[in-house]
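According to Swiss-Prot, the features are:
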REGION    1-23  region 'Disordered'
MOD_RES   S73  phosphoserine
REGION    110-251  region 'Disordered'
COMPBIAS  126-140  compositional bias 'Basic and acidic residues'
COMPBIAS  171-183  compositional bias 'Basic and acidic residues'
COMPBIAS  184-200  compositional bias 'Acidic residues'
COMPBIAS  201-220  compositional bias 'Basic and acidic residues'
MOD_RES   S214  phosphoserine
COMPBIAS  225-235  compositional bias 'Low complexity'
MOD_RES   S226  phosphoserine
MOD_RES   S230  phosphoserine
MOD_RES   S233  phosphoserine
MOD_RES   T237  phosphothreonine
REGION    265-284  region 'Binds actin'
Amino acid sequence: MTDVPATFTQAECNGDKPPENGQQTITKISEELTDVDSPLPHYRVEPSLEGALTKGSQEERRKLQGNMLLNSSMEDKMLKENPEEKLFIVHKAITDLSLQETSADEMTFREGHQWEKIPLSGSNQEIRRQKERITEQPLKEEEDEDRKNKGHQAAEIEWLGFRKPSQADMLHSKHDEEQKVWDEEIDDDDDDNCNNDEDEVRVIEFKKKHEEVSQFKEEGDASEDSPLSSASSQAVTPDEQPTLGKKSDISRNAYSRYNTISYRKIRKGNTKQRIDEFESMMHL
């Protein structure tokens, strides 16, 4: 309440009673002032939710920090006393840190900071569009460069007046060349085989004639020697025996060689004429 200055008369100051009118005016003024100064109807104003949440979050953080300090001190003591429980304590510390992080995230979400972290959907779409444009630009440039290179190559071909051989044409030409070389080699082998067969047949025929002549000579020599001749003449010297053995060995070797060579030629796939020649030689 405020003190209201009042004007008093001289009689009041001297101790005499003031007049009644003066008292009435003073009382009226005081009542009006009291009415003016009286407070308006009081409404209880509750604190905002944000203020309460911030206070609660600060208190929870302080409690968490205090708990962490206590836990760290207890863990140090436990490590000094029981070093075997290190693994369990480390696991517990990791869980405490994870819980602390989750609680902090929840508090920031409650306080309303989540709108700063989470961008709007429109901004996300704009960012994606910008990224797509950035990625599409180099692709378009590469396609344009490829088209330009192809156009330059076509112009060069037209100007030169010929077409560059492709990989398929090169492969076909190589294959044709290999086939020609292979055919030529086969023809050469066939010619060589024919010549070799003819030479071998001639050699064998010459050897057979030589063997027949040698046999006739031996028979003539045997007929000239009479049975009444001396034992010395009838006895065969040891030098003559190996010569006879050598001649027979030569004939056998030649015949076996002919058989093996002709059989080998037949196995290679020669003509029917060669087979007939071989059969005729076998019957001789």
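Each Cβ is built from the backbone N, Cα and C atoms, and glycine gets one as well.
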Key: DSSP-assigned states of the compositional bias 'Basic and acidic residues' (126-140) in counts, ordered helix, strand, coil   = 15 helix, 0 strand, 0 coil
Message = If you count CB neighbours within 10 Å, which one among the modified residues S73, S214 has the smallest count?
response = S73
Ask   = Roughly how many angstrom lie between the C-alpha atoms of S214 (phosphoserine) and S73 (phosphoserine)?
value = 126
Ask   = For S73 (phosphoserine), what is the secondary structure by DSSP, using just helix, strand and coil?
value = helix
Query = Mean pLDDT for the region 'Binds actin' (265-284), as a whole number?
reply = 67
